[in-house]
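Peer 1: One structure coming up, written as structure tokens, with questions to follow.
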Ligand SMILES: [Zn+2]
């Protein structure tokens, strides 16, 4: 519609009998008609009434890159990232893990040269997983888990001394150390003995805390282990300076394959479905989150992450007064690498999209194998 046609239409409209329009046309009226015609022309294009709803006009709010960043409730920062490290009992080990591109198993003698440049770039936190390679290291009780000369305790001591400001978390489980590969001590029938498992897991957590870990993170999923660890931390005089991060909502599934390659923690029989959560079990996850907060968890973790964004959101809703962590697990990382390699998308773009989705769902801490890359990417 041309401007002159619009003007005619507005003039015609205004000339129709109306209680508010009884005077004859004047010079001033003509000017106001032109002005209204312009308004009409500018709003007609978007079908928005000037006196009505203008909520359709969103683009101005995010046209600038900084304004786009402001749209996120949480923006990814280096302090949100925890870098997972696999520590072996061979002090000089530096062995690539084929199913986890770019990741390696490290001996304790390799940790300082590995981490020095990352800390210089802003790395704040790591989580340690022990990987005993010695064939005699494993037994039914996971005795090597808290061996004072074992890889995790040795690594905690070395890192505390070398990097006083680095925040050190220790994953607490038995599956890397048990001959059967399960996350606790077993009954004769192969099921988990909950009481013995909780006693043992809480002892291991205490050993890591006493060695200097800032955070102990039980991933075993035995019922009642958060309470048991918290009580031992209190009795041991460590509860005031050790964070207890619970893998409260850890789901079973196929996304842990590369991790089990890396940690050598594949069960020798059966699987972990009787203690890790069933993927459809949203209500069960909510109950586990409620329980672990009640038992004294300081941080709630959801694992895996991108397939369980609703659970991260639930954790944030249930645990609104505590930080929520998400573990972007080995399979998620490997999938992004594989798809990028196949030309499906750009690696960096997808790493950001996946991680920002995790933050949007409610997490403010992300355990990520992309951490070294993010330290570079977040600089630019
Ligand atoms: Zn385990």
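From the backbone N, Cα and C atoms, a Cβ is placed for every residue, glycine too.
Checked TrEMBL, it gives:
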type     : residues      : note
ACT_SITE : 250           : active site, schiff-base intermediate with substrate
ACT_SITE : 303           : active site, schiff-base intermediate with substrate
BINDING  : 173, 175, 183 : Zn(2+) binding site
BINDING  : 260, 272      : 5-aminolevulinate 1 binding site
BINDING  : 330, 369      : 5-aminolevulinate 2 binding site
REGION   : 1-38          : region 'Disordered'
Peer 1: If you draw a 10 Å sphere on the Cβ of residue 330 (5-aminolevulinate 2 binding site), how many other Cβ atoms land inside?
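Peer 2: If we count other Cβ atoms within 10 Å of residue 330 (5-aminolevulinate 2 binding site), we arrive at 24.
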Peer 1: Which chain-mates of residue 173 (Zn(2+) binding site) that are at least 6 residues away have a CB under 8 A from its CB, listed by sequence?
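Peer 2: Long-range Cβ contacts: 145, 183, 201, 218, 219, 220.
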Peer 1: Whole-number Å only: compute the distance from the Cα of residue 272 (5-aminolevulinate 1 binding site) to the Cα of residue 175 (Zn(2+) binding site).
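Peer 2: Distance (Cα to Cα, whole Å): 10 Å.
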Peer 1: Within its own chain, what residues at least 6 apart in sequence put their Cβ under 8 Å from the Cβ of residue 250 (active site, schiff-base intermediate with substrate), listed in sequence order?
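Peer 2: Residue 250 (active site, schiff-base intermediate with substrate) has long-range Cβ partners 219, 221, 276, 277, 301, 302, 303.
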Peer 1: With every protein chain in view, what's the tally of Cβ atoms within 10 Å of the Cβ of residue 303 (active site, schiff-base intermediate with substrate), excluding that atom itself?
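Peer 2: The Cβ of residue 303 (active site, schiff-base intermediate with substrate) has 24 Cβ neighbours within 10 Å.
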Peer 1: Spatially, and counting Cα to Cα, which of the binding-site residues is closest to residue 175 (Zn(2+) binding site)? Options: 260, 330, 369.
Peer 2: 260
Peer 1: Within the same chain, and leaving aside 173, 175, 183, name every residue whose CB is within 8 angstroms of the centroid of the CB atoms belonging to the recorded Zn(2+) site, in sequence order.
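Peer 2: Sorted by sequence, the hits are 142, 174, 176, 178, 182, 184, 219, 220, 265.
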Peer 1: Once the DSSP letters are reduced so that anything not helix or strand counts as coil, what is residue 260 (5-aminolevulinate 1 binding site)?
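Peer 2: DSSP call for residue 260 (5-aminolevulinate 1 binding site): helix.
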Peer 1: Using a 10 Å cut-off, grab the number of neighbouring Cβ atoms around the Cβ of residue 175 (Zn(2+) binding site), all chains included.
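Peer 2: Counting Cβ neighbours of residue 175 (Zn(2+) binding site) within 10 Å gives 22.
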Peer 1: Residues with Cβ closer than 8 Å to the Cβ of residue 369 (5-aminolevulinate 2 binding site), same chain and 6+ apart in sequence?
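Peer 2: Non-local contacts for residue 369 (5-aminolevulinate 2 binding site): 83, 84, 100, 102, 103, 328, 330, 333.
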Peer 1: Checking the recorded positions 250, 272, 303, 330: which ones have Cβ within under 6 Å of ligand 1?
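Peer 2: With ligand 1 as the reference and 6 Å as the Cβ limit, the list is empty: none.
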Peer 1: What residue among the binding-site residues 260, 272 has the most other CB atoms lying within 10 A of its CB?
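Peer 2: The most densely surrounded of these binding-site residues is 272.
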